[in-house]
Amino acid sequence: MSPYSGSMYHGSPLLLPVLGPLTVNRVKGLPAHLFCSLIFVIVDFVTAMLIRATGQKLMSTYHRSLQLLNLSCVQETAGHTHVGDLASLIFLWNPFTIITCAGSSTSPIDNLMIVLSIYGACSGLSSLASFGWVVSTHLSLYPAILVIPVILLLGYGPDAPPSKLFFLKKSNESGGSCPKDKTCSEQKSKEESHIRNFCWRPVLFFILWSLIWSSYILFLSFISLKEFGGLSEMVKKTHGFILNVEDLSPNIGVFWYFFAEVFEFFRSFFLIVFHINILFMLVPLVIRLRHRPCFLAFVYIAIMSMLKSYPSVGDSALYLGLLGLFANELAEMRFSFFLLCGYVGISLLSPVMHNLWIWRGTGNANFYFATGIAYASLQTVLIVECVSTILKHDRMLRNKLTT
């Protein structure tokens, strides 16, 4: 029987044989789907460990950059927050993460593959980064845009201050007097080596491994579906289902309400407009944040979580966890208390409004859609404030360097 017969399943054909039997095998006296939920708990723990390791790499690289710029005072003023531990704890204890596991959603597997790709890129492991990126794109399509920050991570390395700060320090020192001794020459060689040039070797390996993993996944998918339409059926029922927004069941996004109201004649036009919104933001962000590829990946994840056709709280759990990786740079972010209260309020109001509309019949769709609009607005404010705070942090580093 085809896994896509009917309208219940629209995921990867490779995921169903793994998780499907876990929903059937039950133990008497224990809740249903217990084994499946335990798998997702383990997956979340692995994701948290990868986030912690990524945070350690980011922290060591950034502190080394500040020392080369003679800006250790910034590090002392900001404190020694271990961002890896903080981010992993935020991810694990986030109510969204717990709800996702309790509901047996497959979002933890998507999140694991995304974090695996970022960790592999930070570590310079092209094969690991390509595996995470290919599998995450195969599962939910939207992580395809993460190829930009992954390539920047492989080519330039983890986040660091803008390269122009190193050139500025070099020009300031060349204008002054510097004795021609061994210590001065070693310091100059260290600074010149830290002025990052793009390295093509790991990027080419990433492209090669991506082709290998893609071929392998497509081959396995073809074998599992060769009697039910092949790869064309898979693309139509998975990625095509995502792009065409065929299911208008209420969710925490905004697509379902709009396409339930729009005239059928304009549906194709607005599908293009809604999906191309993500692509419009890619180039300006990569131009401005190319020196911080890991933060750029966080911004991309938050944007695609907001503009997905079928979003879930598991998507929010991922980018809220990754937000902790930049706790030192975002320490002075505005509206943090407002955003916290907003997320708490939406988390409480959304199920209430859904219950009033769907189960009790005392409300209408606008009750629930209002929480979706508020949720999207909160995510927009969070993204804008995070980007502006990071840019202010870079300007602060430049001002301290010049003074």
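The backbone N, Cα and C atoms fix where each Cβ goes, and this holds for glycine too.
When TrEMBL is compared with the stretches 294-315, 338-359, the one noted as transmembrane segment is 338-359.
The list of residues near the transmembrane segment (203-225) in space but at least 6 beyond its ends in sequence, with Cβ under 8 angstroms from a Cβ of it, reads 2-3, 12-14, 17, 126-127, 129-131, 133-135, 138, 150-151, 154-155, 231, 233-234. Between the transmembrane segment (139-157) and the listed ranges 30-51, 112-133, 338-359, 365-391, the one holding the most Cβ pairs under 8 Å is 112-133.
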